[in-house]
Amino acid sequence: MPLTEQNLLEAFSSVKDIHTNKDLVALRAIQNLRIDGGQVSLTVQMPYPAQSLHEGIATQLRAIALRLGAEQVEIDFTLRVQAHAVQRGVALLAQVRNIVAVASGKGGVGKSTTTANLALALAQEGASVGVLDADIYGPSQPMMLGIDGQRPHSDDGKTMQPLESHGVQAMSIGFLVKADDAMIWRGPMAVSALEQMLRQTQWRDLDYLLIDMPPGTGDIQLTLSQRVPLTGAVIVSTPQDIALLDARKGIRMFEKVNVPILGLVENMAVHVCSQCGHAEHIFGVDGGKKLAAELGMECLGSLPLDIRIREQADGGQPTVVAQPDSAVAQSYRQIARQIAARIALQSKDYSSKFPTITISKNS
Ligand SMILES: Nc1ncnc2c1ncn2[C@@H]1O[C@H](COP(=O)(O)OP(=O)(O)OP(=O)(O)O)[C@@H](O)[C@H]1O
């Protein structure tokens, strides 16, 4: 078979992306394909951040090109994350392409720890990422990201600059009000404060903004999920029966306001003894997977109950940063890629391509 663009593309279509389950040609990932004598060069434009997969993809593409007669193959990678559709009638934020709510039906299941690690994992995979800590009952992102006690800076008295930590932009209700004050806010007040915090932060060109939602499924959570332009939601749950029951409520809440659920993260699924390495299912086996299957959604992955996850998050260096090569960090990155890939498969946002139509009462 001669070395032509068409033959190369045909052969490249055998390379599947493991997270979207589509081949690279169908994903329109192969760009700038050039043949110059025996030299082949191309760019792989990924629709979601997946730096840890680049080497594997390049190896497969290179082998194909060499088999077709190329002598030298040059491959580079780029990332293009697009904005995706949100609830009808909710305006997008100019500087943020996709907002993802990380929610739990119940407190204490590890939602904040998961949010921090997933945000850092997305950044490690190459995305531009922000975290908005909307957990008025216990804002813990400043501590987990190691920026406790700092305050955001404002240039104009109206908007705020996000703080930055480990390459991730962050804003927290904990930076702005005393812990006890936010806790007793009534619903409308909390929603209004959180919405202002979201819209008045000068996010800098984000592919993804993760929102650490207040735990539960009350009025505040429901109104936030209606008013914040969400590409999707991720539910965190422990495999405990009661937590799963609450997760179900969370899922229903997002369904009610037409926010797609991207999947379920099962936290504290297995206890691994730090002394002997013995794994024990203290809350029952595969609860998250069973619930996900029952509700027809994806279980994005499971994380063990591991004392290092707690200690590292408490110390301002979540596991993904503290031990990037550990199995736990790899699980977080795998889940992060899975979330981003699911977003990439959702319908795009076209609202920015249309003019805004204003109807005046006087005409
Ligand atoms: N996989 C894990 N292994 C060990 N400890 C964990 C794990 N996930 C979370 N934790 C710990 O459990 C506690 C609760 O976690 P976290 O604050 O993330 O939960 P949350 O659901 O956000 O809680 P809240 O609803 O109060 O905001 C923290 O001390 C955290 O360090």
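Any Cβ shown, glycine's included, is placed from N, Cα and C.
Since this is a predicted model, take the numbers as computed values, not measurements.
According to TrEMBL, the feature domain 'MIP18 family-like' maps to 5-74. Residues or ranges marked as ATP binding site in TrEMBL: G105, K106, G107, G108, V109, G110, K111, S112.
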Binding-site residues compared (K106, K111) - highest count of Cβ atoms within 10 Å:
K111
Over the domain 'MIP18 family-like' (5-74), what does the predicted model average in pLDDT?
96
Under 6 Å from ligand 1 by Cβ, which binding-site residues from K106, G108, V109, G110?
G108, V109, G110
Could you put numbers on the helix, strand and coil content of the domain 'MIP18 family-like' (5-74), residue by residue per DSSP?
25 helix, 20 strand, 25 coil
Looking at the binding-site residues G105, G107, G108, G110, which one has the fewest other Cβ atoms within 10 Å of its own Cβ?
G108
